[in-house]
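Read the structure below first, then the notes.
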Amino acid sequence: MLSPLLKRYTWNSAWLYYARIFIALCGTTAFPWWLGDVKLTIPLTLGMVAAALTDLDDRLAGRLRNLIITLFCFFIASASVELLFPWPWLFAIGLTLSTSGFILLGGLGQRYATIAFGALLIAIYTMLGTSLYEHWYQQPMYLLAGAVWYNVLTLIGHLLFPVRPLQDNLARCYEQLARYLELKSRMFDPDIEDQSQAPLYDLALANGLLMATLNQTKLSLLTRLRGDRGQRGTRRTLHYYFVAQDIHERASSSHIQYQTLREHFRHSDVLFRFQRLMSMQGQACQQLSRCILLRQPYQHDPHFERAFTHIDAALERMRDNGAPADLLKTLGFLLNNLRAIDAQLATIESEQAQALPHNNDENELADDSPHGLSDIWLRLSRHFTPESALFRHAVRMSLVLCFGYAIIQITGMHHGYWILLTSLFVCQPNYNATRHRLKLRIIGTLVGIAIGIPVLWFVPSLEGQLVLLVITGVLFFAFRNVQYAHATMFITLLVLLCFNLLGEGFEVALPRVIDTLIGCAIAWAAVSYIWPDWQFRNLPRMLERATEANCRYLDAILEQYHQGRDNRLAYRIARRDAHNRDAELASVVSNMSSEPNVTPQIREAAFRLLCLNHTFTSYISALGAHREQLTNPEILAFLDDAVCYVDDALHHQPADEERVNEALASLKQRMQQLEPRADSKEPLVVQQVGLLIALLPEIGRLQRQITQVPQETPVSA
């Protein structure tokens with residue numbers, strides 16, 4: 001048996017990943033040293049780095065397929081560079097076409113986008129070493145050898161730990177759920193300023209991170225479910241994923257305007273108790289995340305029962321003291337929702353809960369991957385238009401790399417291909433991401449050069465520099481996704497050490513700085529002037545997608561209030577789409593903050609609209625969390641009309657404003673005349689409809705304000 005500390009490190013995926021990188025780099029440095037051909041270290045190491053940057057999670061058969069596709073793309077990219085390099089005009093044409101083609105390949109999904117990036121990277125790595133070997137095929141074969149070496153280690157790791165990446169994704173899901181619940185608990189803080197929207201904005205951004213993690217987990221599950229559904233481990237992970245989705249729906253639910261709660265119960269302990277309970281549930285999700293990583297059974301905290309008992313007692317005291325009955329009923333709905341989350345966590349390890357439902361539709365996952373040649377062509381052809389952000393980015397990157405190549409040809413820079421390498425890493429689809437990377441890239445390069453020159457001076461031995469090369473390579477991958485400036489510093493050190501093997505370490509230091517500055521300048525100019533993808537111009541389209549997804553989510557919930565509760569695939573797709581669109585809107589609004597030409601009025605309107613949309617989705621989520629079959633025809637008819645009205649109010653033309661207002665007044669009048677049964681979910685349905693329609697006038701006003709933005713704002717910076 002492993003000790004708890006040893007088990008923690010044995011099952012720590014980050015350490016396992018770093019160990020794989022370490023072994024791979026040891027191989028690419030030790031083998032050439034053993035052969036006495038240290039020059040071979042450069043293509044082997046660069047090929048290994050490119051392979052590691054394009055590593056994709058999949059089952060064994062999928063990994064082998066990815067490896068074949070990756071090696072094919074790598075060879076085509078590298079061999080094309082070698083063959084066309086002597087003819088600049090042909091090379092420029094090939095660079096343009098291949099860059100556009102590889103980037104458009106990303107239209108098939110993230111898997112192909114990652115492979116395409118690796119192919120472009122291996123092409124530029126080939127440009128850096130065209131003078132190393134006499135024959136055109138030598139460097140491509142060595143680069144591929146480095147890539148194969150890394151993938152062999154990856155396959156061995158997969159055979160030893162086949163479901164580890166899936167467990168990591170599941171653990172991250174519950175970690176993000178914990179953060180979301182903690183932020184949601186702050187909405188019950190009675191001391192928050194009434195007009196402050198910052199907590200809701202933070203909650204919307206956290207929802208975006210959570211949805212990205214859930215989507216990644218779904219992809220990991222899909223790759224393993226094919227032909228593997230009956231295994232106990234698969235049932236367990238699928239069950240954990242469905243529980244995470246259900247908890248997210250309940251956690252994102254809102255049953256009342258929080259400002260109303262603070263106004264009435266600011267001096268009561270009930271808000272603190274709800275806040276503490278949600279915080280405890282966040283801690284439980286965090287504990288569950290750790291249990292998944294360590295492969296330990298989760299033990300539910302027995303203190304939850306006492307917390308629920310105390311909240312029940314607090315609500316009873318408030319009832320005795322004459323608190324408003326409607327608010328107490330709302331708090332009762334909220335408490336029932338939290339009890340359902342508690343029940344999910346308490347029973348997550350039970351064998352009965354992990355048994356897949358007999359209805360196959362309830363344990364299916366939506367497969368968004370391309371199927372067949374016709375589907376592949378359809379997905380690609382959608383991006384053959386300037387309306388596609390991917391098409392614009394493909395054209396932009398083609399021009400960026402060609403312009404960098406032209407500078408090299410005109411100036412005769414010996415190491416100028418680092419300009420292309422910098423532009424490839426820095427130039428992102430939108431201005432905000434590019435500006436952020438640009439600054440970090442420059443800082444990392446300058447610090448790397450400042451550290452690297454003394455290192456080359458004080459460590460002149462070949463063996464010492466090979467050891468440092470391995471260390472800097474491992475540190476690059478360790479910081480790649482958390483500290484981009486640190487990662488750039490370490491990759492700069494790695495490059496200096498590689499070229500010092502040829503005796504050019506000091507010679508390439510200054511060109512590396514100059515090329516980085518030129519590459520960053522080209523990338524900045526490209527995202528600012530070549531079809532600039534300003535996020536504020538995407539706001540009307542993102543808002544439309546969010547409102548349409550919310551309407552589909554409402555329709556799916558309405559169907560279940562008529563037919564009864566289940567977790568069929570269509571319902572889960574509608575729910576996921578609504579939260580995904582909300583996350584996209586949050587990303588757009590966040591990226592707008594640093595863009596030029598966005599007026600304070602538009603920025604404020606977008607911020608308010610994001611908060612309203614997230615609140616709107618949370619009101620719908622409450623309807624979904626409590627969904628069950630209703631039998632009262634009057635309530636069902638009211639719900640039908642309310643859902644139709646919401647769709648109409650979100651999509652009507654300005655000329656129909658008067659008709660929409662009349663429909664709203666009629667709906668409010670009907671709502672006041674309803675008599676829902678207190679012992680059913682009917683009061684909650686009426687309450688949530690009231691909350692939804694109360695938001696619609698302000699959402700409509702901001703929609704009209706935002707829709708006018710593209711016509712009033714200049715295109716370029």
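FYI, residue positions are counted from 1 along the chain as it appears here.
Quick reminder: no glycine exception, Cβ is built from N, Cα and C everywhere.
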Which range is transmembrane segment per Swiss-Prot? Of 89-109, 194-214, it is 89-109
Per Swiss-Prot, ALA433 and TYR645 on one membrane face: yes
Can you see whether the transmembrane segment (89-109) and the transmembrane segment (490-510) are touching - at least 3 CB pairs under 8 angstroms, only pairs 6 or more apart in sequence? no
Other than its close neighbours in sequence, what residues sit by the transmembrane segment (143-163), given a CB gap under 8 Å and a spacing of at least six beyond its ends? 16, 20, 23-24, 27-28, 43-52, 55, 59-60, 63-64, 67, 70-71, 74-75, 78, 122, 125-126, 224, 233, 237
Under an 8 Å Cβ to Cβ limit, what residues of the same chain, 6 or more beyond the ends of the transmembrane segment (466-486), are close to it? 14, 17-18, 21-22, 25-26, 29-30, 33, 38, 41, 45, 49, 52, 437, 440-441, 443-444, 447, 455, 459, 493-494, 497-498
Taking the transmembrane segment (113-133) as the reference, which of 67-87, 442-462, 490-510, 513-533 gives the largest number of Cβ pairs under 8 angstroms? 67-87
DSSP residue counts for the topological domain 'Cytoplasmic' (420-441), split into helix, strand and coil: 18 helix, 0 strand, 4 coil
